[in-house]
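A short write-up of the structure that comes next.
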Amino acid sequence: MAKRDYYEVLGVAKNASDDEIKKAYRKLAMKYHPDRNPDSKDAEEHFKEAKEAYEMLSDGQKRAAYDQYGHAGVDPNVGAAGAQGFGGFADAFGDIFGDIFGQAAGGGRARGGPQVYRGADLRYSMEITLEQAAHGYDTQIRVPSWAACGVCHGSGAKPGTKPETCPTCHGQGTVRMSQGFFSIQQTCPKCHGTGTYIPEPCAHCHGSGKVKETKTLEVKIPAGIDDGMRIRSAGNGEPGINGGPSGDLYVEIHIKPHAVFERDGDDLHCQMPIPFTTAALGGEIEVPTLAGRASFTVPEGTQSGKTFRLRGKGIKGLHSSIAGDLYVHVQVETPVKLTDQQRDLLKQFEKSLAEGGPRHSPQSKSWFDRVKSFFE
């Protein structure tokens with residue numbers, strides 16, 4: 001089945017800002033997260049689709065490629081033939097611009113020397129809890145990656161042999177072709193721009209110079225990190241080609257939905273049910289925070305939906321000593337399954353309210369006044 005447009009998946013316009021894209025993704029992630037829909041395959045597919053769309057559109061380079069070329073622009077299988085399977089889509093641009101400016105987008109070459117490529121960046125998606133995001137912690141991750149072959153030491157050639165100068169391009173990495181009145185320089189089809197070829201490939205890595213491995217890396221999650229942020233681990237991407245530098249690893253953070261709190265920047269929000277007696281008479285209530293319990297006083301006559309602000313009970317911002325606030329939205333709870341005695345007491349209470357006039361129900365009086373003026 002054909003993939004849907006990434007902008008359509010997130011429900012944003014093609015000129016949407018990074019913040020709009022992030023907010024749209026967070027909304028969908030909260031709605032379709034597997035933790036909230038444990039038995040829904042449909043929700044799982046929606047979550048994966050939204051996650052893929054966000055990963056592409058939140059990366060400026062990938063978004064630009066997608067905007068110009070669609071799904072083909074970000075498909076890792078497109079353009080993979082260049083540079084013996086390394087570099088992918090970026091190498092296609094490298095061949096074009098490298099011929100014009102003397103170096104490739106993915107690397108460069110000294111004149112007469114083999115093409116040098118920087119290793120591809122890797123991305124690792126990591127889910128953490130809200131508590132871990134708030135307090136920070138150190139952890140280990142296992143990342144599937146590529147490493148230089150230990151048998152041929154990354155050369156791709158059988159031990160005892162070495163790569164030879166490409167006979168087609170004579171080590172230049174490019175060949176010139178004439179088409180009518182034009183002379184076009186393009187990547188050598190035999191060596192794929194490396195300037196060398198391998199007559200006897202290494203049996204262990206089949207001439208690629210790299211082997212699959214799983215790296216165990218230490219990752220420090222800083223306190224205050226937010227959903228969608230990335231942590232860069234320099235040099236832990238794929239190895240370079242022909243002496244090129246290794247790429248980087250980007251650990252992208254996704255925060256799981258919390259059972260109690262919703263995060264908005266450095267602020268937290270929670271819904272707090274309170275008995276109708278506490279709402280009417282006032283009193284002290286306890287609320288959970290990420291640092292333990294806190295208490296505050298509910299004034300007499302509190303209405304359902306009233307919001308209370310607890311300063312400094314939110315999350316400390318990234319690299320900041322100042323914490324956000326906790327917003328408690330109280331919901332007045334109506335009692336159910338009353339006994340006969342409780343029902344009689346409430347009827348007496350209701351009668352006493354009626355005798356006292358509208359002063360006991362200011363919201364009802366205001367509402368009825370508005371309705372009355374509407375029909376006049």
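From the backbone N, Cα and C atoms, a Cβ is placed for every residue, glycine too.
Now, the feature entries from Swiss-Prot:
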DOMAIN    5-70  domain 'J'
ZN_FING   136-214  zinc finger
BINDING   Cys149, Cys152, Cys202, Cys205  Zn(2+) 1 binding site
REPEAT    149-156  repeat 'CXXCXGXG motif'
BINDING   Cys166, Cys169, Cys188, Cys191  Zn(2+) 2 binding site
REPEAT    166-173  repeat 'CXXCXGXG motif'
REPEAT    188-195  repeat 'CXXCXGXG motif'
REPEAT    202-209  repeat 'CXXCXGXG motif'
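Positions of the features from Swiss-Prot, shown on the structure.
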{"residue": "Cys149", "record": "Zn(2+) 1 binding site", "contacts (Cβ under 8 Å, 6+ apart)": "Gly156, Cys202, His204, Cys205, Ser208, Gly209, Lys210, Val211"}
{"residue": "Cys152", "record": "Zn(2+) 1 binding site", "contacts (Cβ under 8 Å, 6+ apart)": "Lys158, Pro159, Cys202, His204, Cys205, Gly209"}
{"residue": "Cys166", "record": "Zn(2+) 2 binding site", "contacts (Cβ under 8 Å, 6+ apart)": "Gly173, Cys188, Lys190, Cys191, Thr194, Gly195, Thr196, Tyr197"}
{"residue": "Cys169", "record": "Zn(2+) 2 binding site", "contacts (Cβ under 8 Å, 6+ apart)": "Val175, Cys188, Lys190, Cys191, Gly195"}
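Within 8 A of the CB centroid of the Zn(2+) 1 site residues Cys149, Cys152, Cys202, Cys205, the other residues of that chain are Gly150, Val151, His153, Gly154, Ser155, Gly156, Ala157, Pro201, Ala203, His204, His206, Gly207, Ser208, Gly209, Lys210, Val211. The average per-residue pLDDT of the prediction over the repeat 'CXXCXGXG motif' (188-195) is 81, rounded to a whole number.
Reduced to three states, the DSSP call for Cys166 (Zn(2+) 2 binding site) is coil.
Around the Cβ of Cys202 (Zn(2+) 1 binding site), 22 further Cβ atoms fall within 10 Å across all displayed protein chains.
Residue counts for the repeat 'CXXCXGXG motif' (202-209) under DSSP, helix first, then strand, then coil, are 0 helix, 0 strand, 8 coil.
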